[in-house]
Amino acid sequence: MKKYYFSTLLLVVFLLIPLTAFADEFDSQNDSHPYDMVNSKGEVIKYEDYMKKLNASSSVKMNENYNGNGKILPERKLPNYKKYKPYKILDSSVPSEAIQQLFTPYVVIGQDGRRVVEDATVSPFKQISYIELEWADGWGWCTGTLIGKDTVLTNGHCVVDPDTHQGIRGAYVFPGLNNNHYRYGAYEVVDYFVTSHWINTGDSAQDFAVLKLAPYYGNNAGDVAGYLPIKQVTNIANQTIKVYGYPSDKISNTGTYSQWGMSGSVEREDTSLAFYQLDTFNGQSGSALLNNANEIVGVHRGGYSFTDGQTFNGGPKMIKPVYDFIRATQ
């Protein structure tokens, strides 16, 4: 696949020193609970421990929307993973055969209904973020969404490969990247959290991750670009959602890094996953499922081929264990 560059981004030049070192590989462990938390260093935080803290505190809320101060920040030179590593298509394990026979990270279903975002300076588009990732064997990208002053929600397979137990070596987050420009900063990922069950099994319902970001020129990403609320849900069948992100086919065809997406309805669901026929492609992994109030009700994962021959896109819903996990990272 062709390699892409932000041709107009490098306006300020200085030496970047990584702020932290991630674990290259994670040990397979027995789950004491499927929602045990593992950070980027491989440290485990038990489910019962973080739930005790959450239950003892009423201050951790995820239902608030913040529009940000909109401060325009200078661009800077960043590590160029593309220069010396091949492009890596981010894939993950095939989910349960009881649900589907095939998983792929990109599906355009029928006629392509996606449209380009013209103005990424308004919500929810300025909170939607391009994530560039460095792996030991290549580079890639995902989509994420700001959910706090220094936190981003995305997919688990964007940071840890459950087949190899290997994690990313580094990453940067660009809120509201559009037309090859980032006005709200480029934030280094200094920590991330996934479930131990994701690392051990690649369970589709566990394919989510929370990233922690360093400040950029003294500014937190969420303070600048704002952040979107998360809504705990159970059933969202027939609800209207939208999915926007950074699909590689559109970026390849246009030569421009911009957001694309579309709206539609949730057509199927089970207890953990929502399925819909909204078009996506590689690079949109980690996009938020947004309802009409721009609340996050799930995370886009990829395409699923069902045993009845139908194809859907889908991802984990914001059920209570997922909601609690995310709250515990704040």
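Just so you know, glycine gets a Cβ as well, placed from its N, Cα and C.
Note that the structure is a prediction, hence the values are computed from the model and not measured.
Taken verbatim from TrEMBL:
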{"type": "SIGNAL", "residues": "1-23", "note": "signal peptide"}
{"type": "DOMAIN", "residues": "115-326", "note": "domain 'Peptidase S1'"}
{"type": "ACT_SITE", "residues": "His157", "note": "active site, charge relay system"}
{"type": "ACT_SITE", "residues": "Asp207", "note": "active site, charge relay system"}
{"type": "ACT_SITE", "residues": "Ser285", "note": "active site, charge relay system"}
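Feature map: annotations from TrEMBL on the structure.
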{"residue": "His157", "record": "active site, charge relay system", "DSSP (3 states)": "helix"}
{"residue": "Asp207", "record": "active site, charge relay system", "DSSP (3 states)": "coil"}
{"residue": "Ser285", "record": "active site, charge relay system", "DSSP (3 states)": "coil"}
Practice problem: Would you count the other CB atoms within 10 A of the CB of Asp207 (active site, charge relay system), including those on all shown protein chains? | Solution: 29
Quiz item: Which one of the active-site residues (His157, Ser285) has its C-beta surrounded by the most other C-beta atoms within 10 angstroms?
Solution: Ser285
Quiz item: Could you give the mean pLDDT over the domain 'Peptidase S1' (115-326), rounded to a whole number?
Solution: 95
Quiz item: Reported as an integer number of Å, what is the Cα distance between Asp207 (active site, charge relay system) and His157 (active site, charge relay system)?
Solution: 6
Quiz item: About how far apart, in whole Å, are the alpha carbons (Cα) of Ser285 (active site, charge relay system) and His157 (active site, charge relay system)?
Solution: 8
